[in-house]
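S.K.: Below: one structure in structure tokens.
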Amino acid sequence: MRDLVFFVLSAAAPLTVMAGFAALAFLFGGVVAPAGFLIAGIVFTVFAVGFTAMSRHLRGSGAFYVYIRQGLGPLAGTGAALVAYVAYALGQVGFVAVAGLFASTTLRDLLGWSAPWQVCALVLGVLVAVLSYLKVDIGARVLAVLLTAEVAVLFVLSAAVLIHGGHEGLSFGSFDPANLLTPGLGSLFVITFVVYLGFEQTAIYSEEARDPRRTVSRATYIAVATLAVLYTFVSWVILMGAGPNRLASLLAGDPADLVFGLNTEYVGTAMTDVMHVLIITSFFAGVLALQNAGSRYLFSLGRDGVLPAAFARTNRGQTPSTAGVTHTVVVLGVLGGFALAGLDPYRQIVAWTNTPALVGVLALEAATSIAVIRFFHRNRTGETAWQRLVAPALAAVLLAAVLVLVILRMNLLTNLGPTGNFLVLSPLIAGLLAGCGRALWLRGAHRHPAEESGPVPEENRR
């Protein structure tokens with residue numbers, strides 16, 4: 001279970017979130033940004049109720065694919081599988097690009113080395129592919145070290161701010177319900193929801209866990225709770241360090257420097273240099289988790305007959321081999337195309353890839369909540385009404401509302417018009433159509449994707 005938690009928390013990249021996305025949350029939501037992180041955590045906790053209840057009865061490396069297939073049928077499930085794969089692959093492309101940019105900048109500023117971001121991104125992509133190809137617990141050990149380091153840096157900053165009493169004293173006005181009636185609340189939610197993406201990946205590793213019926217459920221709750229507490233607490237500390245009255249002036253400069261500037265002010269330049277290095281490793285951890293997720297989706301589709309059987313091959317460490325190599329080629333190929341086109345890694349690549357990743361995962365989570373209701377309606381297995389109906393229904397409504405809000409506010413993330421935003425979402429649409437088309441072809445050929453995952457070797461359980 002510990003390995004699962006590390007994979008999920010690393011995928012969320014907490015230092016990257018606080019150093020990058022927190023500033024945007026304050027820019028859109030002002031002093032209520034910490035409450036925005038808390039509200040998102042509550043919504044995903046509600047989603048986790050039905051998600052984990054269903055996880056006790058299913059196994060599979062496809063997560064959303066397996067859940068939606070069992071609840072809504074092979075057509076919806078196969079369509080969801082390719083949507084999920086596209087979302088994770090695009091998310092990884094964006095992460096690799098911006099990680100390459102940060103690595104290039106850090107090497108230049110700290111060591112005086114000149115390395116193009118494209119080269120840094122390529123090295124990172126290859127290193128992640130090699131590590132992912134190794135047995136999953138090796139990757140988990142690396143992620144554990146990186147995650148511990150980046151969280152430690154955030155706690156050092158938090159302790160320094162609290163010891164100094166903040167810039168204007170400590171207060172909890174951010175959580176006053178009256179302050180939630182801010183005009184920028186919708187824009188704020190776009191940011192605070194995107195940073196939780198990845199916690200559902202606990203289910204992807206169910207076949208590589210000992211006693212998955214309990215492990216997946218516990219790991220999911222631990223991951224969501226940890227992220228909610230961490231994001232809410234650290235964002236509140238950042239606000240206290242900046243001071244509510246000084247916040248606007250700090251954001252008027254470069255918002256990306258907000259956390260680094262506060263760290264220099266309260267802790268010192270040496271620790272800020274460490275933070276610059278660790279943000280690269282934070283991106284690395286997120287990329288590794290996305291690499292594992294993408295390769296396991298292809299593996300699951302290969303085993304279930306949706307993709308050629310070669311995708312179901314594993315290596316000696318029982319991790320996907322053909323699927324992993326294919327996923328690496330896809331990610332680096334797409335990134336290479338963007339690089340050759342001369343796109344900016346921060347303003348264009350990451351925005352145009354991570355936005356559809358957010359839209360795709362939110363849509364899949366809403367569909368999964370509906371699938372949970374259908375599954376337990378047909379299978380009475382002793383769950384409470386809260387687990388099988390109330391929580392999934394509430395989660396579906398809340399997630400659908402957030403999804404609509406994100407689509408309506410896409411221009412905030414992409415800086416594109418309606419036509420451009422449609423093109424950004426087109427890979428998801430293509431994935432959905434391809435998946436549904438493949439399911440219909442299999443139905444016509446009297447072949448159906450496997451309804452249950454195959455046996456798992458005992459030595460591959462945790």
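All positions are counted from 1 along the displayed chain.
Every residue, even glycine, has its Cβ placed from backbone N, Cα and C.
Feature list, courtesy of TrEMBL:
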type	residues	note
TRANSMEM	35-54	transmembrane segment
TRANSMEM	75-103	transmembrane segment
TRANSMEM	115-136	transmembrane segment
TRANSMEM	143-166	transmembrane segment
TRANSMEM	178-199	transmembrane segment
TRANSMEM	219-239	transmembrane segment
TRANSMEM	274-293	transmembrane segment
TRANSMEM	323-343	transmembrane segment
TRANSMEM	355-377	transmembrane segment
TRANSMEM	389-410	transmembrane segment
TRANSMEM	422-441	transmembrane segment
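Thinking about packing and proximity, how do these listed features fit into the structure?
M.R.: Sequence-remote contacts of a segment are chain residues at least 6 beyond its ends whose Cβ falls under 8 Å from one of its Cβ atoms, and for the transmembrane segment (75-103) they are 13, 62-66, 68-69, 115, 117-122, 124-125, 128, 197, 276, 279-280, 283-284, 286-287, 290-291, 293-294, 297-298, 300-301, 306, 327, 330-332, 334-335, 338-339, 345-346, 349-354, 356-357, 359-361, 363-364, 367, 371, 427-428, 430-436, 438-440, 442-443, 449.
Sequence-distant neighbours of the transmembrane segment (115-136) (same chain, 6+ residues past either end, Cβ-Cβ under 8 Å): 3, 7, 96-97, 99-101, 103-104, 107-108, 142, 205, 208, 283-284, 287-288, 291-292, 295, 315, 317-319, 321, 324-325, 328, 331-332, 335, 339, 345.
Counting residues 6+ beyond its ends, the transmembrane segment (143-166) has Cβ neighbours under 8 Å at 2, 6-7, 9-10, 13-15, 18, 230, 233-234, 237-238, 240-241, 243, 259, 262-263, 266-267, 271, 274-275, 278-279, 281-282, 284-285, 288-289 in the same chain.
Beyond its flanks by at least six residues, the transmembrane segment (178-199) meets 8, 11-12, 17, 21, 24-25, 28-33, 35-37, 39-41, 43-44, 48, 91, 220, 223-224, 227, 231, 286, 289-290, 293, 354, 357-358, 361-362, 402, 405-406, 408-409, 412-413 of its own chain at Cβ-Cβ distances under 8 Å.
Panel annotation: around the transmembrane segment (219-239), residues 1, 4-5, 8-9, 12, 14, 17-18, 22, 25-26, 31, 33-35, 37-38, 40-42, 44-45, 48, 51-52, 55, 151, 154, 157-158, 161-162, 172, 174, 192, 195-196, 199-200, 202-203, 247, 258-259, 262 of the same chain, lying at least six beyond its termini, place a Cβ under 8 Å from a Cβ of the stretch.
Residues of the same chain lying 6 or more positions beyond the ends of the transmembrane segment (355-377) and with a Cβ under 8 Å from any Cβ of it are 47, 50-51, 53-54, 57, 64, 67-68, 70-72, 76, 80, 83-84, 86-88, 90-91, 94, 193-194, 197, 200, 383, 387-389, 392-393, 395-396, 399-400, 402-403, 406-407, 410, 413-414, 424-425, 427-428.
With a threshold of 8 Å between CB atoms, the same-chain residues lying at least 6 positions outside the transmembrane segment (389-410) that come near it are 43, 46-47, 49-50, 186-187, 189-190, 193, 355, 358-359, 362-363, 365-366, 369-370, 372-373, 376, 416, 421, 424.
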S.K.: Under 8 Å between C-beta atoms and at least six residues away from its ends: which parts of the chain pack against the transmembrane segment (274-293)?
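M.R.: Non-local partners: 7-8, 10-16, 19, 63, 88-89, 91-92, 95-96, 98-99, 102-103, 106, 109-110, 124-125, 127-129, 131-132, 136, 139, 142-143, 146-147, 149-150, 153, 198, 201, 204-205, 259-260, 263, 324, 327-328, 331.
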